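Right, one structure below, let's go through it.
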Amino acid sequence: MIDFPKQKIVVAGAGSAGIGVVNAARKTMARMLGNTEHAFDSAKSQFWVVDANGLITDKRENIDPDALPFARNTNEAGRQGLREGSSLVEVVRQVRPDVLLGLSGVGGLFSKEVLEALKGSTSAKPAIFAMSNPTKNAECTPEEAFSIVGDNIIFASGSPFRDVDLGNGQIGHSNQGNNMYLFPGIGLGTLLSGSRIISDGMLQAAAERLAAYITEDEVLKGMIFPPISKIRDITKEVAAAVVKEAVEEDLAEGYRDIDARELQKICQNEEEVLEYVENSMWSPEYPTLVYKRG
């Protein structure tokens, strides 16, 4: 995960969902770089945002205020061989990104030409995230991604797809970006912390804990989510991360007979906070509590 702040990410889609995802990713990069104002400002340079009118630069007229922080400097873009309105193919070809992120709602946007351009990625294992729903709106299918870019990619989508048989016993994993891995843990962790809000930091802590749950071997195989059979243990881990972050941000007020001061003591030890969460999961109230509060 230490490489994440260095990733070059080309984003197709600048609507509210697209910019929301980019903002969250930027905050996570800044968090990993020390959570300073400088880190937050510099993290925006890792994104190239492309909408229906092409690459967004500071020369764009009537630019959406939410997209403005990610508008590329025109002179900088020129040095990369790009300009205001450069096409997605041009941007992918010149930037050679680590990640191609689709949040456009336009089915088939990642055409053969776009995917061919991604073969020039500087990453040894580029990621293609075709996140738009429903299936017909996915920017590409896993079959297209693996057949054009090659076997050594990471693929994820918003809609479910079958894994791809790559031959010779190899499987191309079609990871589905599903919130089921996070929502129960976020709900439970918020409840057990007694926090009145769910902060961006709590969401980021949850995502980081899920990412850390994946082994290096699984990543090398193209897997970015753990098996669903581990969902209960994942929920425990995510909830513990959320509790700790709530305490760190001074949002935790405690739960039942555990007050805020006691919770601070518990969170000083990783094993203790995991035990605190696990004990609550055996409560008969657990499912109701998580989904009612979450």
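Placement of Cβ uses the backbone N, Cα and C atoms for every residue, glycine included.
Note that TrEMBL annotation is computational and uncurated.
What TrEMBL records for this protein:
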- 1-247: domain 'Malic enzyme NAD-binding' (DOMAIN)
- Asn133, Asn178: (S)-malate binding site (BINDING)
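For Asn178 ((S)-malate binding site), other Cβ atoms within 10 Å of its Cβ number 13. Just so you know, the Cβ of Asn133 ((S)-malate binding site) picks up 13 other Cβ atoms within 10 Å once every protein chain is counted.
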